[in-house]
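Enquirer: Copying in the features that TrEMBL gives for the protein in this structure:
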- 14-123: domain 'Cadherin' (DOMAIN)
- 145-224: domain 'Cadherin' (DOMAIN)
- 225-333: domain 'Cadherin' (DOMAIN)
- 237-257: region 'Disordered' (REGION)
- 334-457: domain 'Cadherin' (DOMAIN)
- 458-566: domain 'Cadherin' (DOMAIN)
- 563-703: domain 'Cadherin' (DOMAIN)
- 704-724: transmembrane segment (TRANSMEM)
- 810-881: region 'Disordered' (REGION)
- 815-840: compositional bias 'Basic and acidic residues' (COMPBIAS)
- 841-850: compositional bias 'Low complexity' (COMPBIAS)
Amino acid sequence: HSFSSAGRRFQLLKGLPATSTVEENSAAGVGVYNFNVTLSPLASEGVAILPTIVNSNPLTEAFDIESKGGLEFRVITTGNPVLDYETMPKSFDLQIFVEDTAGRTDLNILTIHVTDKNEHPVFRGNMAIQTVMIYVLEGTRPERIYQVDAADPENAKLKYSLLPATAPFSIRESGAIFSTKEFDYEKDPHSYFLNITVTDPDGLNSTRTVNINIININDERPYFTIKQRIYRIPEEQSPGTSVANITAKDPDDGDSPSRLFYSIRSSGRHFSINPATGELQVTGRIDRDALPLRLHPNISLMVRVEDSPSSGHAREMEITIVIEDVNDNPPECNPSAFRKEENENTAPETFLVDLRNYCKDIDADPSNNQFIFTGLSGFGSNNFALESTVSGRLVMTGTIDLENPANPGVEVYTLTVRVQDIAHPNYSSKYPFYISFDNIIYIYIRIKPVNEFFPVFCNLSYVFSVSEITKVGSSIGRVHAIDKDWPPNLITYSIVAGAGTRDYTNIFWISPKKGDVKILARLDYETTQKHIFTVQASDQEKSTTASVTVNVLEVNDEEPVCSPNFFSLQIPVNLAVGTNINGFRIECRDRDSDPRSFRYFINEGNENNHFTFSPSAGSNTSRLILASRFDYESGLDTNWVYSLHVHITDDNLVSAKDKTTHLTKTGTVTLRIRVIPNPTTATTTTPGVTVVTRRENLYSPSAWYVPFAVTLGALLLLALLGLLGLPLLTRLRCCCPPAGKARSTPLIKAPGKKKPKKEVAVTMTKVDTVFDGEARDPVTGRMYEFNSRSGARRWKKSSEPLQPVLAMQEMSSATEHRGQGVDRAEAPSKKEPSEERKELTAATKPAAKPSAGQPETPGQAGLRLQKKKEEFEDGGLSSPA
């Protein structure tokens with residue numbers, strides 16, 4: 001049909017509609033029909049839309065339009081799909097459309113008829129697309145092995161053939177392929193290529209190839225290809241070492257490598273075989289020197305080869321491995337260390353030890369187990385030797401004297417001997433497992449010292465000077481002994497004699513190891529000035545002794561001891577100054593000090609300094625003196641009881657400059673003095689004035705000659721007195737009868753001749769005395785009362801209760817001593833003449849008698865009581881109240 005614009009028709013496609021033909025199976029680009037395009041007068045610019053197939057019936061893409069140049073076009077085949085007369089429509093209507101630039105269009109139909117063509121036969125199935133692989137087992141009897149499938153497009157009858165004709169196969173009219181023989185893989189070709197041709201009645205044909213492969217089956221036993229059956233290897237091969245390569249062949253494999261499996265049937269812990277390659281390797285230690293290889297060095301193995309891991313064809317072969325001995329064991333010595341002892345000065349050629357008895361080599365082969373002893377070395381090895389390298393006998397070659405200065409002083413000699421194989425050991429690069437085959441023997445030879453010498457003290461005797469105040473446990477010296485033996489013996493020290501006193505078994509101790517001498521008890525110069533004892537030094541076998549003298553050096557270590565050391569006194573408040581209180585005095589002694597060395601001073605309790613001692617130094621006795629009056633009315637004194645702490649020191653003879661370093665000892669006396677405010681009884685005191693004397697020796701360092709002159713004069717005076725007293729003593733012994741038997745002095749003196757009266761200083765205290773006890777006099781049998789604190793006594797009246805009386809604190813013997821002490825204490829000292837006259841006047845002036853109505857003074861009361869005392873002495877009572 002033609003289309004027109006604005007109702008007018010224009011035919012743009014020249015030659016259409018039309019009908020044309022095309023042969024089936026035409027290739028792409030085959031021309032089917034040619035036509036032209038005519039333009040309208042207004043379309044000066046050409047075709048706007050080129051001719052195009054806009055539709056087809058039936059629908060297909062087998063055709064297309066191409067330009068031939070200008071306005072000429074043609075319809076061609078596309079080849080997709082390929083036209084097939086037998087399977088596709090036999091006619092196609094193509095609608096072709098065109099439009100020019102003026103907008104005019106045209107649409108016409110081209111009818112194409114497909115014509116039939118005789119085609120080649122075609123293979124179907126696998127043969128149509130690839131070469132068919134056919135597999136035939138060897139030994140299979142002749143049979144159909146494949147069916148060829150082919151067809152003719154025109155359904156004509158086809159004819160089959162194969163080449164080469166010599167192949168042991170045939171093909172029938174039906175296309176079936178048959179084998180014509182029974183194949184043997186080991187003899188026949190393993191593969192055949194057959195060309196199969198199919199032909200139609202017109203002679204058109206098609207050919208395809210078939211590949212026939214003969215499949216090998218396991219129908220043959222493998223066989224070993226090696227001929228060797230015996231192998232030799234050294235012992236001690238490292239694991240993994242290759243021993244042999246076992247090879248075999250399977251006929252079934254032909255020229256291709258055989259895939260076989262190897263194994264060892266017999267149990268072998270020393271070897272293993274690679275199952276794939278057949279390599280025989282060492283897997284465990286092989287020790288030729290151990291059983292059972294030491295006796296039977298051959299190992300037999302049964303090797304098996306199979307062509308299948310299971311249920312295949314197999315073959316076995318026995319091989320023998322001979323284990324060869326190598327020198328892999330050094331000589332061993334048990335023990336490897338020897339300890340011997342020999343005395344010093346042992347004779348040369350003395351046998352010590354035979355080393356061969358303790359060493360062996362366990363190598364199996366005799367050529368590998370021989371050894372020798374060499375290399376004797378070590379400090380001092382020149383004193384020893386081996387008799388021979390083979391015997392191993394060690395002997396001494398010289399005498400060892402430990403005390404010899406040339407001796408190195410070694411007590412233990414450490415020797416080494418090398419034990420080595422005679423045969424060359426196998427530790428070359430071929431056998432890197434081995435390193436060394438030498439063995440070292442250590443021999444320790446102890447030279448026992450002989451105790452040849454006695455210990456010797458460095459001194460024949462020792463003298464130590466020790467202060468008597470040295471602390472217990474202190475070391476006072478050291479003794480030392482030496483022993484010429486080498487090495488020096490351990491010397492122990494002990495005290496074997498002396499070192500004791502009456503009170504102590506041992507007052508000295510000596511350190512057993514060091515020889516230090518120590519004191520175990522306090523030394524006392526006043527008891528023993530020198531100690532002598534014997535010490536012993538011993539080396540456990542031999543011993544020697546030495547004398548030790550200890551001189552004890554005197555030190556002022558004794559305190560003054562005074563009597564009494566505690567006393568209670570009572571005095572009236574109005575006691576006269578300068579009075580010896582109650583006639584009290586202390587007497588002191590010191591074991592290591594001169595009596596003149598004492599000093600007396602009140603350390604505590606002397607408030608307002610009412611009391612003092614006279615003399616204050618230079619005597620072993622001193623009296624208690626009232627130094628100042630009491631003043632209670634003005635309030636100066638308030639204390640009625642005084643507790644005096646009296647210190648007595650022994651440093652009076654020490655010069656002033658040495659007192660700071662001199663050792664001073666102090667004794668202590670405690671006095672308790674009660675002041676009686678209103679005495680009812682007069683207290684008698686010694687008539688006259690008491691002179692208080694303070695003494696302290698002061699020496700000038702420049703007057704060094706004074707002690708020398710005094711000492712010399714005293715010695716001359718003593719000698720003179722001795723010469724004068726000797727005739728007097730002889731005369732008295734001739735004139736005086738022997739002394740009678742001593743008798744006890746009773747509490748009440750027996751009547752007798754009165755002693756001449758002496759002027760006695762009696763101190764009495766007027767107090768209300770309470771007599772709290774009573775007793776019977778053993779001489780007269782009379783009862784008397786006493787005060788348990790002050791000692792005051794009186795005769796008891798049968799009808800009179802206990803009453804307070806005056807307390808007397810003195811006895812006749814004590815009074816005599818006190819008088820003598822006062823005389824000594826009051827020896828004239830260097831004073832001015834005026835002071836001496838005053839003292840003499842005060843001492844000789846009689847006491848004034850009190851007038852009527854006046855109170856009796858203490859001095860007057862003392863005289864009156866003195867008379868009463870003498871009357872009572874005549875009556876037999878020492879201290880009446």
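Just so it is clear, glycine is given a Cβ too, placed from its N, Cα and C backbone atoms.
Keep in mind that TrEMBL annotations are predicted by a computer and have not been checked by a curator.
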Enquirer: Across the domain 'Cadherin' (334-457), what is the average pLDDT of the model, as a whole number?
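Expert: Value for the domain 'Cadherin' (334-457), mean pLDDT as a whole number: 83.
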Enquirer: Helix, strand, coil residue numbers for the domain 'Cadherin' (225-333) per DSSP?
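Expert: Counting residues by DSSP class gives 3 helix, 44 strand, 62 coil.
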Enquirer: What are the helix, strand and coil residue counts for the domain 'Cadherin' (458-566) according to DSSP?
Expert: 0 helix, 50 strand, 59 coil
Enquirer: Looking only at the domain 'Cadherin' (145-224), what are its DSSP counts of helix, strand and coil residues?
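Expert: Across the domain 'Cadherin' (145-224), the residues distribute as 0 helix, 39 strand, 41 coil.
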Enquirer: Tell me the residue counts in helix, strand and coil for the domain 'Cadherin' (334-457), as DSSP assigns them.
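Expert: Tallied per class, the domain 'Cadherin' (334-457) gives 10 helix, 49 strand, 65 coil.
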